[in-house]
Amino acid sequence: MAQLFLPLLAALVLAQAPAALADVLEGDSSEDRAFRVRIAGDAPLQGVLGGALTIPCHVHYLRPPPSRRAVLGSPRVKWTFLSRGREAEVLVARGVRVKVNEAYRFRVALPAYPASLTDVSLALSELRPNDSGIYRCEVQHGIDDSSDAVEVKVKGVVFLYREGSARYAFSFSGAQEACARIGAHIATPEQLYAAYLGGYEQCDAGWLSDQTVRYPIQTPREACYGDMDGFPGVRNYGVVDPDDLYDVYCYAEDLNGELFLGDPPEKLTLEEARAYCQERGAEIATTGQLYAAWDGGLDHCSPGWLADGSVRYPIVTPSQRCGGGLPGVKTLFLFPNQTGFPNKHSRFNVYCFRDSAQPSAIPEASNPASNPASDGLEAIVTVTETLEELQLPQEATESESRGAIYSIPIMEDGGGGSSTPEDPAEAPRTLLEFETQSMVPPTGFSEEEGKALEEEEKYEDEEEKEEEEEEEEVEDEALWAWPSELSSPGPEASLPTEPAAQEESLSQAPARAVLQPGASPLPDGESEASRPPRVHGPPTETLPTPRERNLASPSPSTLVEAREVGEATGGPELSGVPRGESEETGSSEGAPSLLPATRAPEGTRELEAPSEDNSGRTAPAGTSVQAQPVLPTDSASRGGVAVVPASGDCVPSPCHNGGTCLEEEEGVRCLCLPGYGGDLCDVGLRFCNPGWDAFQGACYKHFSTRRSWEEAETQCRMYGAHLASISTPEEQDFINNRYREYQWIGLNDRTIEGDFLWSDGVPLLYENWNPGQPDSYFLSGENCVVMVWHDQGQWSDVPCNYHLSYTCKMGLVSCGPPPELPLAQVFGRPRLRYEVDTVLRYRCREGLAQRNLPLIRCQENGRWEAPQISCVPRRPARALHPEEDPEGRQGRLLGRWKALLIPPSSPMPGP
């Protein structure tokens, strides 16, 4: 028994020996230590932006303190600042000698030292956002030393605010009311200056509390010189007439409650969002509350409604798919001039706010790499992580290369351009850098460029679900995603929104059509490889009977058929032409392969070239040649398929003006672009305006006047055009050989760094980069593309503020305003002209129910499809129970409405 007990006792003694030894050592250490340093107060210590804060640090001597003799006998005091794993000295003092870091000059002091050797508290004034971090107080006296540390959090955020309707819309009194309405206060000059010192930059003039108008600029440039020319600083217009109109700088600080993201399975309209929050004992959050929550650590990669009708989302930990390179509150604007909030019927998540007696904790920053859907959790937790300002390299001069960028008036959207702050005006922020205004990203806070989003307003008739086959919603609402005033450049393409392309099954009325090559756009998230090519049988023509077709809603601002240049092995190439642009046969080295064929609309002739022709070449197989429905009497004006004598193959192509050669048993067919006709597509049916050059279904006009990229795009849009987009090698050669100059083209990556898009929304189907291009690295400012004519027209990315010549391009065929209906209206803002294949959607007026297809398409003949929509009164619920309506008044009333409202050509809806 003793043999078992002794080992157990020894084990217990050994187990407790380390703890006892530690107590002894600690006691010895405490006895040997001459003093101890302690920072009083609960962590984190909180200060306010632009204010002052004293960090209390005291020395507690465990032995009698030394007598005050000479300076050499004084303790050495050192304050350091730790942030992001880096440590920087704030000041070092010994007696009356004090050394202060240049970054803290005139802002820090030891108010009690050396008069008191036990009080080494640090006074910090003019607090900035990047003053948040860990401060360590270290005291050394002789061979003894001790230290303590505390976290400091600077509260408060300054942000620019504007109404969604217009830019520069506030008088001084209106500016004060606007900030109060969104749960904030109008900022003071001291707060704006502190934000500027923290890296904030905004090239927009805004009201401050002292009735002055100012704006902060880190990197001076032409559009943002103000009263300081080429020097950085806060531009000041001085005291301004209170009736003048500007934006306003607001300040948000405390969040006295819980702010959480509402993420229901079904996205919400604005009214539904308000009801959603009320059902949970909360109210829809204000813009100021969201900024305060973001400043406290709220991070959600999901746009949500706010009380003022804006849609925003906060990013603390940015990533390439959520917020780009810098943190901030991102905002979705409707127009590229940063105005217009999303339509109230659009569907998003919602940010709710639940009031409480004490300031609430902020939801823990979510991981942006996670699924945004997981952000719907309403758990509120305390964030212990400190929000730090992102510092950019001071020596970086690429920021200046962004230069002055002016607002682009979007004539078709009714949006007007804006002038520079001196007028006053604005320069774009970074992306998301503002597409119409260039803004150099400041160290920490910067505006991101606008990113174009395509989203259709989704409307669904509840009664229609019960009585008719349910129609899926088509997304067709053009939203420009522009970040908010504190956003940062460079978000990834996958901005957190609903997929921009969703398939919808739509009924199509019979119509004659002429064949067009192409492939329908793929839904978002589906790769080409996942859809094998379809091989069609012998040439057949679809009978003109009603049938269902699949219509996808792609992300460009207008619905266009996505087509790509393809090359068959050893055979001819089919070159698709988006929006009526050029196409021509021939091979293109390195061009993408033809998209797999998809189901064609009614009126489509499905053709397949023979697998081998007489010359042994293999023709493309499984090519779906899609026809677009038109009125029978208009088929000639939109081009067509003509049969010419068989020549063995289509090389060289006998077709002119970009016509596509198709081989059939009965001969060779020429598929003509819109605006051309004849057997060989050699007859012009439409012509460009005087001064414009026609080429393969498009019109071009070159301007030798040198402008920045934004100014050039603005000028093109004034003509209803865009900077030239290039879809084929033939179009590249035409532009480069005809207009032999360095010139802008419409390609740019200002929306998302590295994701190049055409300004007219045409898919990027062809590239002609110079070797080593594009070479723009993050935040370098090389976001626009130039064609170098003497180098075979190869492309290079350069800063957008270069002044170069440019070429504008518009479709040869376009549609005017859509037909007006007495009981329905079109979604979106009207435009001067609509490209071919643009799809618009009608909606019935309030109180009426929709019947039949609500979509119309701009046809290749420049005419809109005849509207099929019918609007009828909603059926009262009790009409379903005849016994409750013995006199049949509901039925008679419904019959009179039908007779009055339904067009004679429209089919009568079933009961």
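Glycine is no exception: its Cβ is also placed from the backbone N, Cα and C atoms.
Quick caveat, the model's predicted, so the values are computed rather than measured.
For Asn130 (N-linked glycosylation site), the number of other Cβ atoms no farther than 10 Å from its own Cβ, over all displayed protein chains, is 21. The N-linked glycosylation site annotation in Swiss-Prot covers Asn130 (among others) and is backed by sequence analysis.
According to Swiss-Prot, the N-linked glycosylation site annotation covers Asn337 (among others). There are 28 other CB atoms within 10 A of the CB of Asn337 (N-linked glycosylation site), with all protein chains counted.
The region 'Disordered' feature in Swiss-Prot is assigned to 391-641.
The feature O-linked glycosylation site is assigned by Swiss-Prot to Ser418 (among others).
Residues annotated as compositional bias 'Acidic residues' in Swiss-Prot: 454-478.
Residues or ranges marked as region 'O-glycosylated at two sites' by Swiss-Prot: 520-530 (among others).
According to Swiss-Prot, the feature region 'O-glycosylated at two sites' maps to 540-545 (among others).
The annotation region 'O-glycosylated at one site' is assigned in Swiss-Prot to 569-575.
Taken from Swiss-Prot, the feature compositional bias 'Polar residues' covers 612-627.
According to Swiss-Prot, the feature domain 'C-type lectin' maps to 695-809, an assignment based on sequence analysis.
Taken as a whole, the domain 'Sushi' (813-873) shows an average pLDDT of 86 in this prediction. For 813-873, the entry in Swiss-Prot reads domain 'Sushi', with the evidence type sequence analysis.
As annotated by Swiss-Prot, O-linked glycosylation site applies to Ser905 (among others), with the evidence given as a curator's inference.
The O-linked glycosylation site feature in Swiss-Prot is assigned to Ser906 (among others); the stated evidence is a curator's inference.
The distance from the Cα of Asn130 (N-linked glycosylation site) to the Cα of Asn337 (N-linked glycosylation site) comes to 30 Å.
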